[in-house]
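Novice: Before we start, here is the structure in question, set down as structure tokens.
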Amino acid sequence: MLRWLTAGESHGPALVAVLEGLPAGVEITTTQIGDALARRRLGYGRGARMSFERDEVRLLGGVRHGLTQGGPIAVEIGNTEWPKWETVMAADPVDPAALTGARGAPLTRPRPGHADLIGMTKYGFDEARPVLERASARETASRVALGRVAAAFLEQAAGVRLVSHVVAIGPVSAPDDADLPTPDDVAALDADPIRCFDAATSAAMVAEIDDAQKAGDTLGGVVEVLAYGLPPGLGSYVQSDRRLDGRLAGVLMGIQAIKGVEVGDGFRTAARRGSAAHDEIERATDGRVRRRTNRAGGVEGGMTNGEVLRVRAAMKPISTVPRALDTIDTATGDAAKAIHQRSDVCAVAPAAVVAEAMVALVLAQALLEKVGGDSVAESARNLTSYLEAIPEQQR
């Protein structure tokens with residue numbers, strides 16, 4: 001079974017991630033992982049941290065000479081800012097006198113919409129520093145690193161490729177009939193300041209972010225992930241926890257600030273009658289069985305149906321609002337303004353990259369459940385055997 005785990009704090013020495021269960025023989029390098037992490041730093045409206053932060057990637061285990069070895073893969077992402085935080089974030093006890101100053105000051109004015117206050121309550125902290133350090137979206141760098149490894153397996157074992165893009169920033173949305181990007185469009189998307197596939201919409205999104213920044217505010221939006229080349233039958237209908245759409249929704253909702261997920265046309269289908277909500281089946285001119293439309297987003301009954309997988313995630317505005325929302329000071333109980341940590345105005349573009357990584361991990365997990373394999377070559381052979389066994393009338 002493919003599984004993953006991450007550890008580390010936002011301003012700690014490093015983030016660490018482990019991916020267990022991936023077959024041997026997958027081609028992957030630190031450069032490829034570093035490139036994926038660089039994509040996570042893209043996007044108009046990012047904070048100052050993105051301009052000087054660098055992700056120092058080291059593969060600590062599971063990869064030799066550019067090939068996975070079949071054992072757990074361990075990735076370390078070093079924090080170039082660590083020397084500035086070494087005392088504040090030290091693992092061992094430090095002299096309280098050494099914590100005087102801005103970085104070491106207790107954070108007792110929790111931010112509305114963030115994990116701060118509830119995290120303090122749940123874990124018994126008297127300030128928010130331990131909470132925000134782990135709850136920070138910086139942690140997603142770990143998942144992007146692992147997602148890049150999973151994406152390499154998907155492409156090499158099954159020819160599956162993914163792409164993500166931004167479809168809305170605040171009230172500005174791409175047209176419903178806008179063209180969908182393909183994996184061949186990744187470079188063009190990454191060159192766009194918003195990672196939006198529609199140029200006119202992208203320009204309007206930039207203007208919306210500028211307005212929010214001038215107002216001392218933040219913005220959310222909607223991202224979409226597409227997976228091309230998926231075989232039918234990944235996932236299952238026999239138990240709720242094996243349904244692929246439920247698993248995708250779970251990992252996407254697990255991304256910081258994501259508050260909603262839809263597969264295919266999702267919430268829009270709720271306003272339609274059944275005759276206009278489902279994808280009719282036909283035999284195409286090439287002889288293959290296909291759906292005339294893809295309102296289901298490539299998933300029916302909790303399983304891939306051979307069409308393009310299409311999932312969206314809605315991100316709320318960042319909770320670190322520059323103009324500071326009302327809160328309380330937990331040290332005194334008095335009314336106060338929330339703390340303002342260095343933050344972004346809009347982080348929807350990087351959220352798309354994180355969502356892409358999480359979709360890759362779940363799809364790799366589902367593919368391995370279906371075809372198995374201790375090497376990527378064996379997984380590919382097993383997939384070919386499965387596809388060849390599908391009755392001709394159902395292909």
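Just so you know, glycine gets a Cβ as well, placed from its N, Cα and C.
Among the features that Swiss-Prot reports, NADP(+) binding site is placed at ARG40, ARG46, with the record citing sequence analysis. What Swiss-Prot records for ARG134, ALA135, SER136, GLN256, ALA257, GLY301, LYS316, PRO317, ILE318, SER319, THR320, ARG342 is FMN binding site, and it gives sequence analysis as the kind of evidence.
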Novice: List nothing but the one residue from ALA257, ILE318 whose Cβ has the fewest other Cβ atoms within 10 Å; the candidates are the binding-site residues.
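Specialist: Output over binding-site residues ALA257, ILE318: least Cβ neighbours within 10 Å is ALA257.
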Novice: List the residues of the same chain that sit at least 6 positions away from ARG40 (NADP(+) binding site) in sequence and have their Cβ under 8 Å from its Cβ, in sequence order, or write 'none'.
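Specialist: For ARG40 (NADP(+) binding site), the qualifying residues are THR140, ALA141, VAL144, PRO350, VAL353, VAL354.
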Novice: List the Cα distance (Å, whole number) between ARG46 (NADP(+) binding site) and ILE318 (FMN binding site).
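Specialist: Spelling it out, the Cα of ARG46 (NADP(+) binding site) and the Cα of ILE318 (FMN binding site) are 11 Å apart.
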Novice: In DSSP terms, helix, strand or coil for ARG134 (FMN binding site)?
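Specialist: Reduced to three states, the DSSP call for ARG134 (FMN binding site) is helix.
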Novice: If H, G and I count as helix, E and B as strand, and all else as coil, what does DSSP give for ARG40 (NADP(+) binding site)?
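Specialist: The three-state answer is helix.
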